[in-house]
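Noted in TrEMBL for the protein shown:
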BINDING   C152, A153, A154, P155, G156, S157, K158, D183, D210, D236  S-adenosyl-L-methionine binding site
ACT_SITE  C289  active site, nucleophile
REGION    404-469  region 'Disordered'
COMPBIAS  424-433  compositional bias 'Polar residues'
COILED    671-698  coiled coil
REGION    710-764  region 'Disordered'
COMPBIAS  742-751  compositional bias 'Polar residues'
COMPBIAS  752-764  compositional bias 'Basic and acidic residues'
Amino acid sequence: GWAGGYPEIVKENELFERYYRELGIVPRGEWDAFMAALREPLPATLRITGYRSHAKEILHCLKEKYFKELQDLEVDGQKVEMPQALSWYPEELAWHTNLSRKILRKSPQLERFHQFLVSETECGNISRQEAVSMIPPLLLDVNPHHKILDMCAAPGSKTAQLIEMLHADMNVPFPKGFVIANDVDNKRCYLLVHQAKRLNSPCIMVVNHDASSIPNLQIDVDGRKEVLFYDRILCDVPCSGDGTMRKNIDVWKKWTTQNSLQLHGLQLRIATRGVEQLAEGGRMVYSTCSLNPIENEAVIASLLEKSQGALELADVSSELPGLKRMPGITKWKVMLKDGQWFEEWGDVPSNRQTQIRPTMFPIKDEEKLKAMNLERCLRILPHHQNTGGFFVAVLIKKSPMPWNKRQPKIHQKLPQRTEDTEATAANSNNGSECITEEPTLAENEESKKMQELQNSDTEQSKKEGVCGPPPSKKMKLFGFKEDPFVFLPEDDPLFLPIQKFYALDPSFPKMNLLTRTQEGKKRQLYMVSKELRNVLLNNSEKMKVINTGIKVWSRNSDGEQFGCAFRLAQEGIYTLYPFIHARIINVCIEDVKILLTQENPFLSKFSSETQKKVKDMAMGSIVLKYDPDPEKPDDLQCPIVLCGWQGKTSLRAFVPKNERLHYLRMMGVEVFKAKRKEEELESKMTEVQHRLAQTEEGMDVEDKEHDLVTKMEAEIGEESSHSPVESSAMEVENKTEDVDQSSKNANSHVSQESKDTDVNNVKD
């Protein structure tokens with residue numbers, strides 16, 4: 001039959017069943033349960049971001065409000081089970097429910113819950129992520145000082161977990177560690193940027209490279225150039241995805257063994273490149289959403305064999321208690337898509353040896369095989385805990401890879417080190433392609449020539465603090481050109497008024513401020529950690545950087561008359577706040593509600609204490625701080641920092657729509673709005689936003705927002721400034737914030753190209 005215009009996909013695949021029955025990856029007597037689970041829709045799962053100070057408040061809100069509303073609810077004759085915490089995820093921060101995505105989106109009874117999920121996801125407080133996808137970052141065992149590489153990062157749910165782990169201590173604005181998130185697909189990189197930017201971290205950089213040949217980066221260590229080796233690497237490789245059949249049902253129709261045979265080589269090259277860049281004593285997690293040993297144990301076994309003892313599989317059986325897992329297997333066979341089996345490489349006819357490679361077969365030497373401890377790998381089967389299928393292996397690097405034994409040469413004097421580093425990069429790439437070959441002199445000479453050609457431009461750029469993209473001739477390989485990253489010079493006159501206006505602490509790391517323009521007015525200031533600054537300045541000729549840094553200040557044309565041309569940006573306020581000693585107003589919870597529910601409230605609406613504080617303060621950008629009162633347990637019990645603007649007679653908050661709604665929910669204010677109310681303003685707002693889009697590209701965000709507010713006030717009257725959140729005027733306010741958000745495209749250096757990203761073609 002036809003459903004919704006599409007033919008219904010039959011969840012049957014004879015070759016799939018024959019293949020996995022023969023391999024025996026499912027315990028005896030569980031096959032029927034395994035297949036039945038694969039045919040059921042995947043439960044919806046969500047994860048509360050763990051590093052936010054608001055995590056406990058969100059968890060409390062979920063349990064006491066939204067989950068209680070689901071009690072005794074039936075949808076399409078199906079009783080909605082109460083969501084359950086994932087037993088193996090720490091601190092009850094991950095939950096699953098039997099609600100499918102389809103029901104969650106379309107059921108009127110669940111509209112309030114769905115709106116909550118969408119809004120909280122947008123502002124980074126919740127990630128809707130498949131349960132098994134949460135496992136690899138947990139097994140990486142990340143600490144805030146770790147340098148982390150995520151090799152195949154898009155769409156970014158695992159990257160977000162890694163960022164959270166870096167910020168485990170919210171009192172440290174700049175952890176010493178960082179995450180470099182890479183993806184080969186230029187468009188998917190912008191999906192990755194969107195995910196990462198929700199978390200507002202100065203410690204994330206998104207780059208665009210082929211993971212199998214990602215370049216060696218250099219950092220400056222006490223005046224010496226050294227190769228950057230990572231403490232932790234997440235290697236979540238592209239795979240056939242047969243563990244995702246429950247959510248990607250077209251896999252049923254398309255699955256053949258050919259997919260795995262074609263991907264095996266790429267997976268091995270990516271994993272090899274990963275361990276080359278791993279520091280000694282470091283940990284790399286290799287994972288796929290496939291059940292196939294050709295993509296899993298075969299890759300790991302080949303990697304271990306080539307490493308000649310440099311790598312070992314970690315025993316993680318005691319980690320994540322409560323997670324049901326199957327051990328890795330040691331025996332498997334290879335099957336062609338026509339159903340023909342091969343047990344060893346010697347059986348493969350010459351005309352099939354391009355499709356099937358020796359590394360796909362188990363190791364014959366029993367002693368070697370036993371020493372590999374392949375049973376330490378994890379395979380997650382769907383029927384054990386109602387999840388997708390998944391595979392994880394945790395590798396520890398004990399010594400340099402045998403083909404990288406020359407790497408200590410990087411510690412020689414500076415000119416020699418630079419050349420050797422380039423040679424190491426060439427050698428490592430060569431190792432990725434065919435790891436049995438030794439480096440050649442020709443490659444070393446070629447690297448030296450390339451280094452000499454690039455040296456003059458690079459040194460000049462570094463003097464100016466400019467980190468541009470790779471040379472223009474390489475741009476065709478990468479997609480469109482990115483703006484450069486320009487660090488603010490130490491003596492830049494731009495910074496002095498900012499420092500004075502906000503009374504910034506002497507410890508403020510102003511050298512970490514950057515812009516995205518070399519010429520003309522600097523409209524936005526961004527901030528990165530000291531460690532990422534080091535990476536940027538020393539590798540601009542090697543890396544295609546898509547995005548890094550968080551916005552901390554925006555130019556405001558009205559601000560100059562008040563002593564500072566830059567207003568604070570909400571996305572960077574939690575990073576900046578520890579350094580600001582002026583223009584801070586402590587507000588009570590009732591004041592916060594007024595700020596978040598009214599567009600531009602008069603000062604007379606606020607508490608007398610707030611009015612007194614504002615009275616002696618000059619107009620301009622301000623910080624609004626709420627501290628919880630332990631003696632009032634019913635009030636919000638987490639601190640809030642908001643960016644605001646003090647006018648002559650009014651006080652307003654500059655906070656994006658979804659963040660406003662988040663804070664209001666946490667304070668118990670009802671923010672659910674019927675769709676009809678939203679639709680009433682949709683046509684009017686579309687027209688206004690269209691006009692804004694046609695304005696001059698460089699026009700300041702503040703000016704655009706001011707014009708929009710003025711127009712809307714004229715159209716719907718005085719009520720727009722003072723109406724409660726449920727009214728249509730709050731909708732106007734929300735739409736204005738949307739414009740502020742959309743204006744960020746030029747400002748937050750996220751390309752418009754991201755809107756063209758095919759979100760249906762993403763790896764969870």
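Cβ coordinates come from backbone N, Cα and C, glycine included.
Features per TrEMBL, on structure.
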residue	record	CB count, 10 Å
C152	S-adenosyl-L-methionine binding site	24
A154	S-adenosyl-L-methionine binding site	26
G156	S-adenosyl-L-methionine binding site	29
K158	S-adenosyl-L-methionine binding site	27
D210	S-adenosyl-L-methionine binding site	17
C289	active site, nucleophile	27
Rounded mean pLDDT within the coiled coil (671-698) lands at 48
Between the two most distant Cα atoms of the S-adenosyl-L-methionine-binding residues C152, A153, A154, P155, G156, S157, K158, D183, D210, D236, the distance in Å is 20
G156 (S-adenosyl-L-methionine binding site) to the residue listed as 'active site, nucleophile', Cα to Cα, whole Å, comes out at 15
If you measure between the CA atoms of C152 (S-adenosyl-L-methionine binding site) and the residue listed as 'active site, nucleophile' and round to the nearest Å, you get 13
One should report the C-alpha separation between D210 (S-adenosyl-L-methionine binding site) and the residue listed as 'active site, nucleophile', rounded to whole angstrom, as 20
Rounded Cα distance in angstrom between A154 (S-adenosyl-L-methionine binding site) and the residue listed as 'active site, nucleophile' is 14
Spacing of the two Cα atoms, C289 (active site, nucleophile) and K158 (S-adenosyl-L-methionine binding site), in whole angstrom, works out to 13
